[in-house]
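Report on the structure given below.
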Amino acid sequence: MALPAAALTTAGWAALVVLGPMAAIALIVWVVDNGSGAPAGDALRIATDGWLLAHGVRLQTTSGPIGLIPLLLSALILRQLYRAGRNSALATGAASWLEVVRVAVAVGLAYGAIGMVAALVGSTGAVGADPAAAGVITGLVAGLTACWGAARATKLAAKIVLPDVVGKGLKAGAVAAAAVLTAGVLAAGAQTVVTQDEFRTVFGSLQAGVVGGVAIVALCILYAPTAAVWATAYLIGPGFAVGADTAVDASTVQLAPLPSFPLLAAVPTGPASGMVSLALAAPLISGLLAGAVTARPESEGDLPRWRIALGGALVAGPVSGVLVGLASAAASGPLGGGRLAELGPSAWHVGIVLAVEVAVAALVGATVARTRASWSAWSATRRWTPEGSGDDPSPFRRLINGLLAGPPPPQPSPEQAEPAGAEDGRRTG
């Protein structure tokens, strides 16, 4: 298949798979809520604007910009764009890096054109996105993600050979980032359970009805990963903001009146308690885990050198900081002007603090894991082996064998020695 046709097909399908269900749900809500008198086009525009927002396109409103991304929807979009790049590479037979780049550019251009059209369709007098910015941002997101999918499909990514220190550090950093984000997910879930009464109170105060209630629950689900990243920033240390001149971290909580959104009922209102303080060790535990990864042997009995284990631990810190910093940047943004112009964690602050925490803990973890593995390997080679086992014991083990066996049995003197058959001859004689 020709590249332009493949790119248009895969990019269009990636947009349709996500935008289509969103438009359908918006139309269903519009039909059920027919008493509002709003035209059906408004429902479609809301779906289109939400789709653009999930790519990182800011929406301009009369009260200020909206840029807080629903990360769950973003994850679905990235998955489809990854598949678009992979399918385009397979359809065109891409086999080199130049062809992979061509696939990424083609998918990015096609998807960017769709994003520009969506911005034109979704804009109203009250809410809208700049078409040029929408085209550029959606095109970049699509191109980068499609490049990843195409490189994986052609097996070119697996052929990249990195220095051992870098390879170990990348793997360990990814493990540390995944571990600390998982801790954030658990912390956010636990906090939601603890504050479920406040959640119900805020939800009931909205008096949204059946249709509005379903929409609010859907928004809470879409923004649940965003809340998990906020909780991760809380565990790391810098915390997050819920409006201008506010701060929420383990030691200080400065809050202004919060919007009536149920998910915000889980925001802590005071310093961390004793049980929550234990969870603050999650970044250090993630660093120890990263250190264990750098000291893990690649094959049976093949331990990495000390410089690789410790160097990989140092690399793991910045890698984890960059990954979680990017997640923090995606989980930050405004929800209008005024006091809601600043929401979420500071990406650079979170990244730097986590990089230091993971690097220090990873050095400790790598040292302990590598020392333990070296001691185990040394002990295995020095273990006592009984005589007759088929192994060639070392001089030390021969000495131990001799001590355990005791003195040798007494040998008869030459005068007492007699041929074995002599006594038998006398008996027969």
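Including glycine, each Cβ sits where the backbone N, Cα and C put it.
A TrEMBL annotation is a machine prediction, not a hand-curated record.
Here's what TrEMBL has on this protein:
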{"type": "REGION", "residues": "377-429", "note": "region 'Disordered'"}
{"type": "TRANSMEM", "residues": "12-32", "note": "transmembrane segment"}
{"type": "TRANSMEM", "residues": "62-82", "note": "transmembrane segment"}
{"type": "TRANSMEM", "residues": "103-126", "note": "transmembrane segment"}
{"type": "TRANSMEM", "residues": "132-151", "note": "transmembrane segment"}
{"type": "TRANSMEM", "residues": "172-194", "note": "transmembrane segment"}
{"type": "TRANSMEM", "residues": "206-224", "note": "transmembrane segment"}
{"type": "TRANSMEM", "residues": "231-252", "note": "transmembrane segment"}
{"type": "TRANSMEM", "residues": "272-294", "note": "transmembrane segment"}
{"type": "TRANSMEM", "residues": "306-327", "note": "transmembrane segment"}
{"type": "TRANSMEM", "residues": "347-369", "note": "transmembrane segment"}
Recorded stretch, among 62-82, 103-126, 132-151, 206-224, 272-294, maximising Cβ pairs under 8 Å relative to the transmembrane segment (172-194): 272-294
The transmembrane segment (12-32) and the transmembrane segment (103-126): do they have three or more Cβ pairs under 8 Å, with pairs 6 or more apart in sequence? yes
With the greatest number of Cβ pairs under 8 Å to the transmembrane segment (132-151), the stretch among 12-32, 62-82, 347-369 is 62-82
For the transmembrane segment (12-32) and the transmembrane segment (206-224), decide whether they are in contact, meaning at least 3 CB pairs lie under 8 A, counting pairs 6 or more apart in sequence. yes
If we call contact 3 or more Cβ pairs under 8 Å (sequence gap 6 or more), are the transmembrane segment (206-224) and the transmembrane segment (62-82) touching? yes
Candidates 62-82, 306-327, 347-369; stretch with most C-beta pairs under 8 Å toward the transmembrane segment (272-294): 347-369
Positions whose Cβ lies under 8 angstroms from the transmembrane segment (62-82), at least six residues beyond its ends: 13-15, 17-18, 50-51, 53-56, 107, 111, 126-127, 141-142, 145-146, 148-149, 219, 221-226, 229, 330-338, 340-341, 343-344
